[in-house]
């Protein structure tokens, strides 16, 4: 591990709490900007429960798997556009203005979703909400990072990650609260507009990023803000570091240019930025390809795949996994400035791979032990109610619940118990009602399983493995790894990469489940996670405790993943030899 095992004093461990309590202004700033993370989390969590009820209201959504994937993933498509434009907005308009703009768009999108009379209107609302989330996803951590002392920067940026998980937890609470309310999913989606209003009001009372202001030539305004954030003996050092960065930028300004195309060209021709992008984009893509947002977007559906048919029970169990996500984010705040970014991500990925392989085994066992189909019971419902594929099959004795579901039919469990032979029926509302009238349980997404609870437990462990490392650290890393003059565009490229990977995963998950089964799908994610582990080991340096300018020098010099020396010491040796 780069830097080697390093002893950390109790004073370093408690530095965050001392600084935060002695300067409430820092916490006010971080919490206000971090509401962008709450919006991000709420949007990713709320659709998982809302989708169950959207399918009931719109028959075409229930019948078309691709339409369900589109409704879920169009928010991600909007986020890609928002993240792409967010980089430009951050550099041209400032961090604060970008956050305010994201709040307005998000609020409009929430209202459109709440009143949607048809699926296509719902898709439009999802795109608008995603656009706002895309801007906020890169701007909130960037704003917090640039207004934070280096010693506690990681922990403060993790507040954004903590609020992401709190937003997901809140979304499941809201979903449960409105399960019995007329309008169900409309309330679930519409409530998302309230945090956007709260953040808009709070941000009006906060200043712009001091580093962005200094870069715009507003040194006095920047100094006044720094005086509220830094200790008196730290201000001049911070000003000096910003001055050197701005002077270097002015020297390169003629080479960089002002247009987006010119800045992109300059960014990729700069060795420090290029290496920063290798690290930042790798971390962001790996964050998505471990499969986390399949759990966030489809958590109740996954619980139903595990054999738990009740919507309210599935939502309640999803609440548990979301709560564990919040616990993991708190662990990240405690550990990130103590153990470092790189180490947390590598350990997180190892634990994720173990959990995904375990889930693969659990879902494989659930599929192979699915209850068989009772032919007499099935035919007793009548030919019109029986699954047509079952009627046409040459050898129905080999059919079980899983084969019935793969034929796009449903399983009506036996009155004697969910694990006894049951009926394979056509998946319609009318037939479902008949099954319910007989006090039997209807399974359309997963089969009854004695190990369904085990799947939920492993999902919880997966969340605990993900959240402290891969959940928070990629956003922290991308808020600090790019030089100031390229921070907006670098963060934008990384955020776009994150959302593109998110789109691929969320848009294909249900189709992968249909084609590979739950076991095969989670095995695929375990493979992706292994690739991510190797890539992060090779490409991501440690940035713990370094000032932005020191990170740039580290990237200029180059990163050796097999080295055992401290980055600061290397940089000092290089400057001495020069």
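Using the three backbone atoms N, Cα and C, a Cβ is placed for every residue, glycine included.
As annotated by TrEMBL, transmembrane segment applies to 29-54, 66-88, 100-121, 127-144, 156-178, 184-206, 344-367, 451-477, 489-513, 519-540. Feature annotation from TrEMBL assigns domain 'Major facilitator superfamily (MFS) profile' to 29-544.
Sequence-distant contacts of the transmembrane segment (451-477), counting only residues of its own chain at least 6 positions beyond either end whose CB sits under 8 Å from a CB of the stretch, comprise 137, 141, 145, 153-154, 157-158, 160-162, 164-165, 279-280, 283-284, 286-287, 290, 292, 295, 299, 302-303, 306-308, 317, 320-322, 324-329, 331-333, 335-336, 341, 344-349, 351-352, 354-356, 358-359, 362-363, 365-366, 498, 540, 543.
Highlighted: of the candidate stretches 156-178, 344-367, 489-513, 156-178 has the greatest count of Cβ pairs under 8 Å to the transmembrane segment (29-54). Outside the transmembrane segment (344-367) by six or more residues, the chain places 1, 283, 286, 290-291, 305-307, 332, 335-336, 402, 446-447, 449, 451-452, 454-455, 458-459, 461-462, 464-466, 468-471, 473-474, 517-520, 522-523, 525-526, 529-530, 532-533, 536-537, 540 with a CB less than 8 A from a CB of the stretch. The stretch with the most CB contacts under 8 Å to the transmembrane segment (184-206), chosen from 100-121, 127-144, 489-513, is 100-121. Sequence-remote contacts of a segment are chain residues at least 6 beyond its ends whose Cβ falls under 8 Å from one of its Cβ atoms, and for the transmembrane segment (489-513) they are 65-66, 68-70, 72-73, 76-77, 79-80, 83-88, 90-91, 134, 137-138, 142, 260, 263-264, 267, 273, 276-277, 280-281, 283-285, 287-289, 291, 293-294, 297-298, 301, 305, 474, 478-479, 481-483, 520-521, 524. For the transmembrane segment (127-144), the list of distant contacts is 29-30, 33-37, 39-40, 43, 74-87, 89-90, 95-96, 98-99, 101-110, 112-113, 156-157, 159-160, 192, 196, 209, 475-476, 478-479, 487-488, 491-492, 494-495, 498-499: same-chain residues at least six beyond its ends, Cβ to Cβ under 8 Å. Within its own chain, the transmembrane segment (100-121) is flanked in space by residues 36, 39, 54, 58, 60-61, 67, 71, 78, 82, 86, 89, 93, 127-133, 135-136, 139, 186-187, 189-193, 196-197, 199-200, 203-204, which lie at least six positions past its ends and keep a Cβ under 8 Å from the stretch. Averaged over the domain 'Major facilitator superfamily (MFS) profile' (29-544), the predicted model reaches a pLDDT of 83.
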